[in-house]
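Written out below as structure tokens is the structure these notes cover.
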Amino acid sequence: MARLPAGIRFIVSFSRDQWYRAFIFILTFLLYASFHLSRKPISIVKGELHKYCAPGKKDGVRVNGQSQTAGGVPTHQLPDNETDCGWAPFDQDNYQQLLGALDYSFLCAYAVGMYLSGIIGERLPIRYYLTFGMLASGTFTALFGLGYFYNIHSFSFYVVTQIINGLVQTTGWPSVVTCLSNWFGKGRRGLIMGVWNSHTSVGNILGSLIAGYWVSTCWGLSFIVPGAIVAAMGVVCFLFLIEHPKDIACSPTLVARLPPPVPSDLCLCPAGDDWPVLRVTEQIPGHGGHAPCPLTQQHSKSYENGTHRFRLQRPAVPDEKLLDPETQCLLLSDGKRPIRQNHVVLLPAADSGSSMAAISFTGALKIPGVVEFSLCLLFAKLVSYTFLFWLPLYITNVDHLDAQEAGELSTLFDVGGIFGGILAGVVSDRLEKRASTCGLMLLLAAPTLYVFSTVSRMGLEATVGMLLLSGALVSGPYALITTAVSADLGTHKSLKGNAHALATVTAIIDGTGSVGAALGPLLAGLISPSGWNNVFYMLMLADACALLFLIRLIHKELSCPGSATADQVPFKEH
């Protein structure tokens, strides 16, 4: 028989379940990257919406794209994107406040909608809910760009478009986090979600490049093209997204795993409906070997952890002995308490979740750590989104670059964010201390922002280096809290295995963070007329506040060393 080609050997080396998990990882990555891709154009186009009037134009009055002489007779008409004064109404002296109001309207709607989105998302099929959100988001993103082609100069038109777009975009985050958590367990969660969360930076980079390509010639396409991409990904979501492994007969993520090698007193026996029984055998006095535990005298209890449900059939043997250490680890939720001989029946995951109601909003707030991490994210996201919406304009003003060049340079901040998110995940996995990892990066971020504000005025080379470093330190805590921390808290031991809590917890944390995301760009628009240094002082203060809210959790982690995973996903007894 001929030897299989290397490519085929690579393909068959992975199981069917592994290929499906890789597919869901990539698909959800691309879906949410497209959301961020559609948020970036507004920051790129700001430099084009307002441009300083050339000296030769100051003696004329520009009205709706026409240049008029003092006598009121129009001399010529230029396309609005080609004038030197910008696009009305953003061509006035209060343009920074108007642009800040656009950011605020989007992000405020996003923050309010996020609290409702998680609750709604838990009660609807994820695939339909996410598809609707992506199609609607694509429509309203493109609608903003149509204002260019239809010569719309009404400020209310752009504000209303931003508000509706912010509301429909809230469907994305709880949906993709819940879907990913259904497919992946807690092992190396920080690393996996750190890599996955780089979709934020990848989407920002692609959005900057796409919007920058048309910003100087036809800024309407800077919105229409990203909107079309989001809508197209919504169709892909409808056709290919698989919400849960059980939907395609994949095995759920294993929590209780057989330690290698399998002890000799365990055997895998059929239990009907393709669900196995792990039958634990014991030494029967007077017999030469192992015999099955008697099935005639036993009582059973059911346990579940949100993904699996186990039925433990306990033999009624008066002098039950503890199993050997390896066998004891088989069904432990924390690896510490021994168990006795049982018959274990693994039941479908649907049984475990169907009888549990979705968690309430107040119930999610009572989970330890949710309030602290939510408030921390409020200030961390304030810093991150201020950079997202105002960095290109800052670079334009400080380094005197045009809108396209500033947009391309600003992508370095997102490149740094990719490495920062992955680094935060790896470190928090290794140390098993999420709050301490966030605290360290926040502590380093504040002085880095001060250095950035000083060094960026010294030349382009210094700006490049500080953009990468600032992006890593600013985006690291934000990425860790919105992914691994949210998933950890959504499977906290106080939930007793309720798998329906994850979307609500994720929405509360990200929704609170989005309040900061709304405030940051608004404050930047109000403060920047007094000088960009004051904006950076505001960002440093926000980092200090974010660190302050984690002090209690950091103290708890450092004073109680050990695995944090023991606080997650215990078995719930029925």
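Yeah, the Cβs are placed from backbone N, Cα and C, and that goes for glycine too.
In TrEMBL, annotation is done automatically, which means it is predicted and not curated.
Quick look at what TrEMBL annotates:
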type     : residues : note
DOMAIN   : 27-558   : domain 'Major facilitator superfamily (MFS) profile'
TRANSMEM : 20-37    : transmembrane segment
TRANSMEM : 98-116   : transmembrane segment
TRANSMEM : 128-150  : transmembrane segment
TRANSMEM : 162-184  : transmembrane segment
TRANSMEM : 196-215  : transmembrane segment
TRANSMEM : 221-242  : transmembrane segment
TRANSMEM : 370-391  : transmembrane segment
TRANSMEM : 411-428  : transmembrane segment
TRANSMEM : 440-460  : transmembrane segment
TRANSMEM : 466-489  : transmembrane segment
TRANSMEM : 501-523  : transmembrane segment
TRANSMEM : 535-554  : transmembrane segment
Sequence-remote partners of the transmembrane segment (20-37) [C-beta within less than 8 Å, at least six residues beyond its ends]: 14, 130, 134, 137, 169, 172-173, 176, 179-180, 183-184, 192, 196, 199-200, 202-204, 206-207, 210, 226, 229-230, 233, 236-237, 240-242, 245, 248, 250
Contact call for the transmembrane segment (162-184) and the transmembrane segment (98-116): at least 3 Cβ pairs under 8 Å, seq gap 6+: yes
Feature contact check the transmembrane segment (128-150) with the transmembrane segment (221-242), CB under 8 Å, 3 or more pairs: yes
Contact ranking winner - 98-116, 128-150, 370-391, 411-428, 466-489 against the transmembrane segment (196-215), Cβ under 8 Å: 411-428
Same-chain residues near the transmembrane segment (370-391), Cβ under 8 Å, at least 6 residues beyond its ends: 39-40, 42-43, 46, 103, 107, 204, 364, 410, 413, 435, 438, 442, 445, 449, 470-471, 474-475, 477-478, 481-482, 485-486, 489, 505, 508-510, 512-521, 523-525, 528, 535, 539, 542-543, 545-547, 549-550, 552-553
